Amino acid sequence: MGDSSLCSQHLLSNQETLPTAAAAAAASAVASKNSKKLSIIPLIFLIYFEVSGGAYGEEAAVGAAGPLWAILGFLIFPFIWSIPEALITAELATAFPGNGGYVIWAHQAFGPFWGSLMGSWKFLSGVINLASYPVLCVDYLKLVIPLLSSGVPRYVAILLSTLLLSFLNYTGLVIVGYTAVCLGVISLLPFIILTLISIPKIDPSRWISLGQKEVKKDWSLFFNTLFWNLNFWDNASTLAGEVEQPQKTFPKALFSAGLLTCLAYLVPLLAATGAIPLEQKNWVDGYFANVAEIIAGKWLKIFFEIGAVLSIIGLYEAQLSSCVYQLLGMADLGLFPQCFSVRSKWFNTPWLGILVSTLITVAVSYMDFVDLISSVNFLYSLGMLLEFASFLWLRRKFPTIKRPFKVPVELPALIVMCLIPSGFLVYVMSVATGTVYMMSSILTVFSIAWYFMMKFCKSKKWPEGNNAGENLDEEDLE
């Protein structure tokens, strides 16, 4: 097993104490010979794709509430949602820098049951959301190749695109990271060009429009658009064991990715809404390409469509990486079979996690998964509530452990910081449909059954269990 296994076992086994600094340095040196680590630039772009991937998809906010509310939303919402989530991720990923991320946090705060439940909620959410990306990719390709619009050719295209994208992930996280850098730069170029060409045409008075009177406000769509375009800051935490000096790298990468993400949303939005008259009903997903054609011509629209495909690829790679290294971390904790921690001899990647995630993705790709996607997003919201609770409880439970990055406020202020996004999560869940409640309940029952099945198998040593996973005493963490 790789460095992540060693890290998780040292952190979480009650049969061992934390290694000394010298031993930790020696272990790190040995691990670095076996696998390359992610540096800060690839990590920035992996976080960027976990959260955003560009302004593709923010158009619905304008259609739902008008330019002014959309601009204010993407300006203010990061302060009440994205920044708290990023700060929590920076503190906990540096305090517990192992693969598994939020699974480790819940495990340390409340025990293995809650760690397992957190892992199940987040994994199901991530891997089923993955299924939408190959479908979207084929939807763009069919504009060029109409044969892919339906029938067997479409199914084959979805399968091949999923397998190809998953194979890229198999080649290694460093390769995926630098691929994300290239994809990020190229997919951002259309927005940069659009912004530059738009400058002479911008009328600032268009920014303060509350929308056309004949178009009814859709606040549910508006808030959901903000939520899902500025979410998932914690996903990169599952890769902490694969990062060079995570205690130093993670806070810098999160800050840089946050700045890049906010600018990538706000600047094109200001340019597009300011440069053309408002036709609010036209502002739906994909409308940026039409805006590009209006402002600059057909060539920029084509560039936007190419950028959208590249962005989808980046989203898939980042999300799949998060899923598979989460499974590796859960295997190290004894919450998943040990075979999920075995790495490829050629690329040092957790191949079984990639295979299982890919198979689930392929299966869901052929389903009518609208309700299923809504359900796993509901589960993700439950996971975020558990994550906020874990963060607060770890501050109280382990007040003296080393935190290379620490949110610079005390517990009462942290509670307030977490209550605001928690209230929003409760609102999002409260407007879910009955079908979503039912499917979320079924998936949660399955997740609970999985935990007790794993516990039974470990008690019988079927297969030989991993004893890592017990809670540390505070003195072991100091």
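Backbone N, Cα and C atoms are what each Cβ position is placed from, and that goes for glycine too.
Features reported for this protein in TrEMBL:
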TRANSMEM  38-56  transmembrane segment
TRANSMEM  68-88  transmembrane segment
TRANSMEM  123-145  transmembrane segment
TRANSMEM  152-170  transmembrane segment
TRANSMEM  176-197  transmembrane segment
TRANSMEM  253-278  transmembrane segment
TRANSMEM  299-318  transmembrane segment
TRANSMEM  349-366  transmembrane segment
TRANSMEM  378-395  transmembrane segment
TRANSMEM  407-429  transmembrane segment
TRANSMEM  435-453  transmembrane segment
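Two recorded stretches are said to be in contact when at least 3 C-beta pairs lie under 8 angstroms, sequence spacing 6 or more; the transmembrane segment (349-366) and the transmembrane segment (152-170) meet this definition. Only pairs six or more apart in sequence are counted, and the transmembrane segment (253-278) with the transmembrane segment (435-453) gives fewer than three Cβ pairs under 8 Å, not enough to call it a contact. Same-chain residues lying 6+ beyond the ends of the transmembrane segment (68-88) with a Cβ under 8 Å from its Cβ atoms: 51, 58, 61-62, 207-211, 222, 226-227, 229-231, 233-234, 254-255, 258, 261-262, 265-266, 269-270, 273, 384, 387-388, 391, 407, 417-418, 420-421, 424. Among the listed stretches 152-170, 176-197, 299-318, 435-453, the one sharing the most Cβ pairs under 8 Å with the transmembrane segment (378-395) is 435-453.
No contact links the transmembrane segment (176-197) to the transmembrane segment (123-145), because fewer than 3 Cβ pairs that are 6 or more residues apart lie under 8 A. Counting Cβ pairs under 8 Å to the transmembrane segment (123-145), the top-ranked stretch among 152-170, 299-318, 435-453 is 299-318. Under 8 Å from some Cβ of the transmembrane segment (299-318) lie the Cβ atoms of residues 45-47, 49-50, 53-54, 56, 130, 133-134, 136-137, 140-141, 143, 165, 168-169, 176, 179-180, 183-184, 186-191, 193-194, 197, 235-236, 286, 288-290, 292-293, all in the same chain and six or more residues away from its ends.
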